[in-house]
Amino acid sequence: MTAGNNVGLGMSAASMTATWIWASSLYASATSGYTYGVSGPIHYGLWGALMILFIYPFGMRIRKLAPHAHSLAEILRARHGQSSQLILAGSNILGSLLSLTSNFIAGGALIAMLSPLSFSTGILIIATGVLLYTLWSGLRASILTDFIQVCAMLGAVVIIVPAVFFSAGGTEIFVTGAINLTPEQKSFFSSDAFLNQGAPYIAAVLAYAIGNQTIAQRLFAVRPDMIKRTFITATVGYGATVIGVGILGVIALYIGVVPMGGDTNNLIPQLAATYLGKGLLCVFFIMVIGSLASTADSDLAALSSIMMADVYGRNLSGAARVNPKTMLFIGRLTMITATGAALFFASNKFNILDLLVLVGAIWGALVFPVIASFYWSRVTNKAFTTSVVVALAVFFPVRFGFIELSGGIAIVSDILAVIGVGVVAGLMAFGFFGFKVARVVGILAIIIVAPISIGALHAYPVLTASLLAYAISTLICVGMSWRNTEEFDFSTIAKKTGNFDSPVSV
């Protein structure tokens, strides 16, 4: 499940990069460029890259607390108990399932565009290939293929993006196609792009650090002395690749491309089919399939590890009574079941960009309670559970428009959302600079944002819902934990987590 906790720099950095570069993220970056113009790929790729970097200090703390853990949920069980573990494990399962779905959608769209096969046949082929490989490999094999795939992806991006650009008309498109862009789409400092794409994605990808088991699995697999270099390398690799592919969406906007069937998921394969020759089309196919396969494989491995470690290992059997054969069977059964569920969801052809932001926003309710649990000894199980449940109960009605944000409700939501801005800013600063600096950064962010946001922020429901999740979970968690006088001993976590076949597990 964690490849012996000793994977080296090259393999781990490549695996982290390949896992973070979903086929979905390539499609979503292009969609962002097509929708929001020249700043779109930056608001998608840059923030995503920086979030990889922001995970690093938290990763160091987590590995220090539990050197041989398999998942964050397993650590939470040692810290709080069963309910907190299952809440995080459940969110991990939901997120990985939606991630798997989005990657199948990306693969199906590609095959449907570049071959006579249908979308349904395409997702079935992709799902079958990924499942068969993952069933018989382990995390170490997954990391090895990630290394090969990321090399192919980076090379393909260097070739594909310039090839499409020059085939479409080169620099001339910026003159002849400027009429296709609105003033906001032409601006690198578009407020529309930031409020609709950048800000929600900042909130979303910060949550990926906590909610995404594929990232956590690699965090536990890499050698402890290589964590920092791994995350820095992955930051650069992800940013360069995803922003580069996002430029394809900007090119499509300039030349007036209309997505086939009105589905922006078709943008990248549509451009490739139109402007690339057969040879480059094969290179493009390798790029997308490589990014898709690496993340889908990682999602299946993550899902199986959650079911094996958190559900079976820590709850159904107890660490002392684990049967390795039963554990392996449960892991493989999970992969098959998850693939079937993802195929069902993928057949609905959801918008990939919306899916990714939704997943991250759901995880946003967990970010502060989880991070606080690793640093603050007074956080209680009741505070953790209550804060997450209430935050999600507010998030879903706001995100899907079940609550009308108007009048007094709008003002209250704006105030809470502004607090959410402070929480996000503070958490970013906390990992690198500690609590005192984080507190100052958070307060300054609230003071700066409040005058321009209160009364206006509710007009952006996606962003508002994400920030509400952060704010409410933080306020409740702090409020309930503040009165607790018992101090938790963090040194006990390492004794309660670890390998199921060694004395480390108790």
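Using N, Cα and C of the backbone, Cβ positions are placed for all residues, glycine too.
These come from TrEMBL:
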type: TRANSMEM; residues: 7-30; note: transmembrane segment
type: TRANSMEM; residues: 42-59; note: transmembrane segment
type: TRANSMEM; residues: 117-135; note: transmembrane segment
type: TRANSMEM; residues: 147-168; note: transmembrane segment
type: TRANSMEM; residues: 188-210; note: transmembrane segment
type: TRANSMEM; residues: 231-255; note: transmembrane segment
type: TRANSMEM; residues: 275-296; note: transmembrane segment
type: TRANSMEM; residues: 327-346; note: transmembrane segment
type: TRANSMEM; residues: 352-376; note: transmembrane segment
type: TRANSMEM; residues: 409-433; note: transmembrane segment
type: TRANSMEM; residues: 440-457; note: transmembrane segment
type: TRANSMEM; residues: 463-482; note: transmembrane segment
Considering only Cβ pairs under 8 Å, which range in 42-59, 117-135, 188-210, 440-457 makes the most contacts with the transmembrane segment (463-482)? 188-210
Near the transmembrane segment (117-135), which residues from the same chain, at least 6 beyond its ends, have a CB less than 8 A from one of its CBs? 103-105, 107-111, 142, 145, 289, 292-293, 296-297, 300-301, 332, 335-336, 339, 342-343, 346-347, 349
Any residues 6+ beyond the ends of the transmembrane segment (42-59) with a Cβ under 8 Å from its own? 16, 20, 25, 28-29, 32-33, 36, 188, 193-194, 197-198, 201-202, 205-206, 208-209, 215, 219, 227-228, 231-232, 234-236, 238-239, 241-243, 246, 371, 374, 428, 431-432
Excluding the flanking five residues on each side, which residues at least 6 beyond the ends of the transmembrane segment (188-210) place their CB within less than 8 Å of a CB in that stretch? 32, 35-40, 42-44, 47-48, 51, 54-55, 58, 72, 88, 356-357, 359-364, 366-367, 370-371, 420, 424, 427-428, 460, 462-463, 466-467, 470
